[in-house]
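A.B. asks: The following block contains the structure, expressed as structure tokens.
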Amino acid sequence: MATKKATMIIEKDFKIAEIDKRIYGSFIEHLGRAVYGGIYEPGHPQADENGFRQDVIELVKELQVPIIRYPGGNFVSGYNWEDGVGPKEQRPRRLDLAWKSVETNEIGLNEFMDWAKMVGAEVNMAVNLGTRGIDAARNLVEYCNHPSGSYYSDLRIAHGYKEPHKIKTWCLGNEMDGPWQIGHKTAVEYGRIACEAAKVMKWVDPTIELVVCGSSNRNMPTFAEWEATVLDHTYDHVDYISLHQYYGNRDNDTANYLALSLEMDDFIRSVVAIADYVKAKKRSKKTIHLSFDEWNVWYHSNEADKLIEPWTVAPPLLEDIYNFEDALLVGCMLITLMKHADRVKIACLAQLVNVIAPIMTEKNGPAWKQTIYYPFMHASVYGRGVALHPVISSPKYDSKDFTDVPYLESIAVYNEEKEEVTIFAVNRDMEDALLLECDVRSFEDYRVIEHIVLEHDNVKQTNSAQSSPVVPHRNGDAQLSDRKVSATLPKLSWNVIRLGKR
């Protein structure tokens, strides 16, 4: 077996930016079994007195997710937030047109805020700009963030929440460019309502940050024109523009599939260019950052979802079971987000529990980790600090849709406070190991703490509630001498090489 070689230089002064911890965010929508039967299952042996599953809470805490987007998603475009507050017995059952389900409203924003506190996350709250508009948006900010002395803040207090929730980050609707969206709008229609909603929301609470909707994915016919038009209307009043993108391996072409993170990289660069064009056009001193608030692999469950009966409570929708190659692509996508730490400040793995998720649950049964759980956990836990620009020389390959795909996808993160450097690396090679030589000349007296590897001989291998064949091991061979790290990256592997001060 031939071993290819790649080299990399990491230098503590080659800084991209401090990584905003919110890029390791996630998403919970009122969809399928994400809420009901996911985070919330009264009567489950692991449920607390409020019905929240403690086993799920522990798995989420292990991921150290700093921010969670809620309550949607397509769901939010038909959602009346008032339905989910106040006495539970008085809450209406509603038809959710987005997912053709019945919403009981047993869980609403106050219960979700309680749960988010338990897992140590802040909430990225979305407002409904589909069936509703600026009035409901300002009232929701008042209910959540105003201390007291007004109708909606006093209503929150009457509901048992004396202290305001102080939600900092808000989404101005969801995927309004999509014809599937409840209340779909043109770019001009959406740009106008988003601008007016942004103004009144910030008048209620000037400390909040706002995310305006970009395109639902890069293949939308209105992509780029949508962003330019929407930002033209909203630039002075918003802080972020959103990106959404999901990938799948429908053609069963692993080499091409693992190169899709290059498309993600190009998507990010394109949106940065559009935002900066509007900045130049407006002669603005303000820079708009990016919120990649839906990203993941999503394709396994597409056919099964067509067979689900409509108008039931918490049907098993979007329950992708992820395999090993999915974990590798998720790793490449995480590295791509880190590489753009200067502009991507928020990102949400969509979603968190049961719905295209790293965590799965069974009714009255266990919770378990999917293959994609591990790269996400490693990135979140060890990817805090400054992203360093990697100078890489790697052998390359061509695939169906891409040319010059590097076998090595890698980045290093420097945590000055902990005096640690973490190298994240994916070897895309399907046949051979890759010998990595990494020059760490600016890091004196460092040693290898550990070399974590996620590998498997079968790219289609999945985990289940009964067994977890795809799990990382700590038997990587990384060594450091003469300020050079050398490591073997097994074929098709996700690697985390942690360096610390002696």
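Cβ from N, Cα, C; glycine included.
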A.B. asks: Say Swiss-Prot lists E29, N74, N174, E294, Q351 as binding alpha-L-arabinofuranose: which of Y240, Y246, Y247 is in the same site, per that record?
C.D. replies: Y246
A.B. asks: For the alpha-L-arabinofuranose site made of E29, N74, N174, Y246, E294, Q351, how many Å separate the two farthest Cα atoms?
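C.D. replies: Across E29, N74, N174, Y246, E294, Q351, the widest Cα separation comes out at 16 Å.
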A.B. asks: Validating a neighbour-count step here. Other CB atoms within 10 A of the CB of W298 (site 'Important for substrate recognition'): how many?
C.D. replies: 20
A.B. asks: What subset of the recorded positions E29, N74, Y246, W298 lies within 10 angstroms of E175 (active site, proton donor/acceptor), using C-alpha positions?
C.D. replies: N74
A.B. asks: Validating a neighbour-count step here. Other CB atoms within 10 A of the CB of N74 (alpha-L-arabinofuranose binding site): how many?
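C.D. replies: By my count, 22.
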A.B. asks: Around the alpha-L-arabinofuranose site formed by E29, N74, N174, Y246, E294, Q351, list the extra residues of the same chain whose Cβ is within 8 Å of the site's Cβ centroid.
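C.D. replies: Apart from E29, N74, N174, Y246, E294, Q351, the close residues are F27, L31, G72, G73, E175, H244, A350.
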A.B. asks: Does DSSP put E294 (alpha-L-arabinofuranose binding site) in a helix, in a strand, or in coil?
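C.D. replies: Its secondary structure by DSSP: strand.
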